[in-house]
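Participant: From TrEMBL, here are the annotated features:
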- 61-316: domain 'G-protein coupled receptors family 1 profile' (DOMAIN)
- 50-70: transmembrane segment (TRANSMEM)
- 82-106: transmembrane segment (TRANSMEM)
- 126-144: transmembrane segment (TRANSMEM)
- 164-182: transmembrane segment (TRANSMEM)
- 206-229: transmembrane segment (TRANSMEM)
- 250-271: transmembrane segment (TRANSMEM)
C-alpha cells in the first residue's frame, strides 16, 4: 500500500471516529444544558410566595414592636435601642418586597429601572447584615450584663448605645456599598432581569468580593455570638442564685439566635458563594447536573434569608414585656371581633392595660 493510500485511510478513519464521537456526545451535551437550566422557573412560584408571607408577617410584627418601643421612648434601655434599629432595618427591606413579588411573578421581568433594582438589592443586604450586626450587639450587652455585671454597672448608658448603633450602620453600609458598583441589569434592556448578585461580565470579581463580605459580615459576628452565649451558658449553669426568669429569657434568646443563624444566615452565605462558583464554571464551558441542584438550593436559601425579617420580631417578645402585652391584647380583641361577627358570646370586657404597664427589660443588661 502506498503512502498516499495509507494517509487517505487514516484520514477517513479519523473522520469517521470524530463523527461517531460527536453523535454520541451530542445527547449528553443537550442533557447537561437542560440540567443546568433546571430551576429557572422555580423562583417564579417559590420566591413570590415566601416574600408575600414575609411582607405580611414582617410588616405587622415590626410595626407592633416599634410602636411599643416608641410608646415608652423615654424609658428605652440599651438593649431596646438595638432592637429598635433591628426593626428599622427590617422595615426598610419589607417595603421593597412587593416589587420583588411582581418581578418574580412576572418571570424575571423588571420594569422599574436599573437604579431601583440596585436599591432593592441594597436594602436586602442592609437588612441582612444590619440584623446580624444588631443581634451581635444584643449578645455582647447580654454577655456583659450577666458575666461582668459589677464592671459595667453604671458605665453603659443610652448615649453609648446610640453611638454603637450609628457605628453599626456605618460599618454595614461600608461593607455592602461596593455591591452598588456591580451591574444588576443587562445594558440596553428596560424590562430585563434584576440580578441579586451581578451579571456574568463581573461574576469573577463579585465572587472575591462575596467571600470577603462573608468573612467580615457573617463569620466574625458568628464567632462573637457563639463566644458570648457559650460563656453565658457556663455562668448561668454554675450560678445557683440567678433568677429562673432570667435564665428562661436568656435561653429563649439563644434559641431564637440559633434558629436565625441555622435557618436564615448560614445556608444563604454558603450557597451564595457556591452558586457564584458554578456560574463561573458554566461560563468556562462546564455543565453538570449538580449545578441545577445548587441553583435551586440557593433560591431556597434566599427565601429563608428574607425570613429573618419575620423572625426578628420574636426578639421584641424576649426583651420587651410591653410588646407581649400588646400582642395578647390584639389577640383577645381579634377573638372578640370574631365572636361578635359569628353571633357567639365573646369575652366580656377587654381592658386596655397597655397604658398602665411600664416597659420592662432585663435589668441585668441595662447597667
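Any Cβ shown, glycine's included, is placed from N, Cα and C.
Note: TrEMBL annotation is automatic and uncurated.
Give me the lay of the land around each of these features.
Facilitator: Mean pLDDT, taken over the domain 'G-protein coupled receptors family 1 profile' (61-316), works out to 88 on the 0 to 100 scale.
Sequence-distant contacts of the transmembrane segment (82-106) (same chain, six or more residues past either end, CB-CB distance under 8 Å): 43-44, 47-48, 51-52, 54-55, 58-59, 62-63, 65-66, 69, 76, 112, 116, 119-120, 123-124, 126-127, 130-131, 134-135, 137-138, 141, 161, 164-165, 168-169, 194, 306, 308-309, 312-313, 315-316, 319-320.
Long-range contacts of the transmembrane segment (164-182) within the same chain, counting only residues at least 6 positions beyond its ends with a Cβ under 8 Å from a Cβ of the stretch, are 81-82, 85, 118, 121-122, 125-126, 129-130, 133-134, 137, 197-199, 202, 205-206, 209, 213, 216-217.
Sequence-distant contacts of the transmembrane segment (206-229), counting only residues of its own chain at least 6 positions beyond either end whose CB sits under 8 Å from a CB of the stretch, comprise 129, 132-133, 135-136, 139-140, 142-143, 172, 175-176, 178-179, 182, 197-198, 254, 257, 261, 265, 269, 272-273, 276-277, 280.
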Participant: What residues in the same chain, six or more past the boundaries of the transmembrane segment (126-144), come closer than 8 Å to it by Cβ-Cβ distance?
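Facilitator: That would be 78-79, 82-83, 85-86, 89-90, 92-93, 151-152, 156, 161, 164-165, 168-169, 171-173, 175-176, 217-218, 221, 224-225, 228-229, 231-232, 250, 253, 257, 260, 265, 268, 305, 308-309, 312, 315, 319, 362, 365, 367.
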